[in-house]
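Here's the structure, in structure tokens; my notes come after.
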């Protein structure tokens with residue numbers, strides 16, 4: 001009975017031991033912010049690591065409309081850019097228009113004489129980058145021919161008409177003399193001339209319009225020469241026409257001369273388009289144009305450019321994020337997340353950063369929890385928090401600066417005869433996208449690794465700073481906590497936090513308390529041993545009592561035990 005009482009008292013004494021319960025000591029733990037549910041990011045060393053906060057770097061959706069600010073966006077409606085340039089009857093509204101971005105719709109249609117442009121993509125790109133359809137008529141002299149040819153396939157209102165920027169020349173009477181016309185460029189800018197050649201559907205149509213059985217058109221400058229011969233023959237009818245017109249273009253530099261020579265089939269220029277160098281462009285899109293502000297436009301609509309990457313569309317205009325294949329890339333903007341444990345062992349003591357993070361910290365990423373004679377408390381450390389935030393805040397802006405394109409990514413178009421070039425261009429573009437996608441993932445992983453290492457380092461700096469302040473007045477308990485061997489009220493804790501703690505003031509008291517406490521203090525390891533020993537002794541005593549009861553009962557005859565062999 002005495003043994004049992006002693007064991008009970010010993011067990012109660014062990015459980016009642018708490019290193020921080022005395023009025024002459026205190027416990028100070030250092031910790032960091034944590035959240036219940038963090039965000040997974042990728043680093044160089046880990047595919048998935050949880051952090052307290054992260055920012056998405058990939059813009060994956062558009063706003064569904066094209067913003068008309070800060071760029072001048074011109075809605076082509078039913079006209080392509082080339083149709084507007086040639087002077088289609090239903091595109092007259094676009095004469096002399098200016099734009100930063102010309103939007104071509106899928107609803108475009110043709111209502112004039114059927115034509116083709118052998119180098120359509122190049123002409124479209126040149127006109128688009130010029131950003132204007134500013135046209136100047138010139139006094140070409142076409143002697144001995146009939147000008148202003150018209151076609152029933154090209155109606156302006158109810159009347160037969162033709163492309164307003166071109167002059168269709170046919171015979172005059174029974175003659176079509178050889179034409180030789182020159183036009184110098186005395187200006188200080190490039191001139192773009194549009195001209196063409198008519199391909200009749202039959203020999204009869206050829207002689208009916210031009211007298212000669214076969215015409216010829218030669219257009220030359222000091223730098224170039226083009227000679228085109230008509231291809232006479234029937235073709236599938238378009239708007240009642242089996243003939244075709246091929247459109248060509250010539251750029252005349254300042255000081256150069258345009259020379260036109262023809263003996264038939266000439267579709268002559270009426271003047272020139274003034275060439276300008278700029279970053280205007282053209283884009284095919286059916287997204288509506290609205291009043292809003294966005295510096296990046298895609299065929300899907302405008303997108304914000306506050307992220308370094310996007311996977312909305314390869315084709316962009318303006319200051320846009322870099323296109324990559326990934327749907328998501330997250331940049332760590334917080335520290336490694338270690339959710340707080342709700343139960344921290346048998347004694348319920350406060351814990352430091354080695355064990356877990358602290359949820360609910362609102363005044364900093366790093367901080368202190370303490371337990372002293374005045375109770376318990378928590379406070380953030382603003383200096384270490386600000387040091388980490390300052391280094392992290394610039395990461396997103398630096399990534400955006402490295403990746404945002406300050407130019408437009410134009411659409412690539414090639415004719416069928418340039419199929420091999422188109423395949424090569426596609427291969428190059430796909431390779432660039434693959435390379436950028438890899439670089440983006442690597443860049444983000446490196447930045448995330450740096451962020452986590454940085455925040456861990458700031459925690460360690462704060463711990464070392466606190467340890468150097470306390471010196472021999474405290475003992476490192478492990479887990480990010482210190483046992484302070486002197487009375488340390490809230491003012492004392494505050495001096496440790498703000499770096500004004502003077503360990504000399506408390507040195508004698510701490511040394512005295514350390515020697516007194518160590519004489520009777522049982523470490524947690526010894527407590528565990530005592531608990532196990534007491535448990536074993538209790539089990540042994542129970543067995544002894546049970547065996548003694550059985551032997552007593554057998555002697556009294558209350559229990560009979562038969563052993564058979």
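Cβ atoms are placed via backbone N, Cα and C, with glycine included.
Look at Swiss-Prot and you will find 67-292, 79-91, 112-154, 296-320, 488-492 tagged as disulfide bond, backed by sequence analysis. Residues annotated as N-linked glycosylation site in Swiss-Prot: 23, 37, 53, 78, 180, 300, 498. The S-palmitoyl cysteine feature in Swiss-Prot is assigned to 554, 561, 564. The signal peptide annotation in Swiss-Prot covers 1-16. The annotation topological domain 'Extracellular' is assigned in Swiss-Prot to 17-529. Look at Swiss-Prot and you will find 551-565 tagged as topological domain 'Cytoplasmic'. Feature annotation from Swiss-Prot assigns transmembrane segment to 530-550; the stated evidence is sequence analysis.
Taking 53, 67, 296, 492 as the recorded positions under consideration, the smallest Cα distance to residue 79 (disulfide bond) is found for 67. For residue 154 (disulfide bond), the nearest neighbour among the recorded positions 78, 91, 180, 292, judged by Cα separation, is 91.
Residue 488 (disulfide bond) and residue 78 (N-linked glycosylation site) have their C-alpha atoms 82 Å apart, to the nearest angstrom. Residue 320 (disulfide bond) and residue 78 (N-linked glycosylation site) are 28 Å apart (CA-CA, integer value). If you compare Cα positions, residue 492 (disulfide bond) sits closest to 320 out of the recorded positions 91, 180, 300, 320.
Taking each of the disulfide-bonded residues 67, 112, 320, 492 in turn and counting other Cβ atoms within 10 Å of its Cβ gives the largest count for 320.
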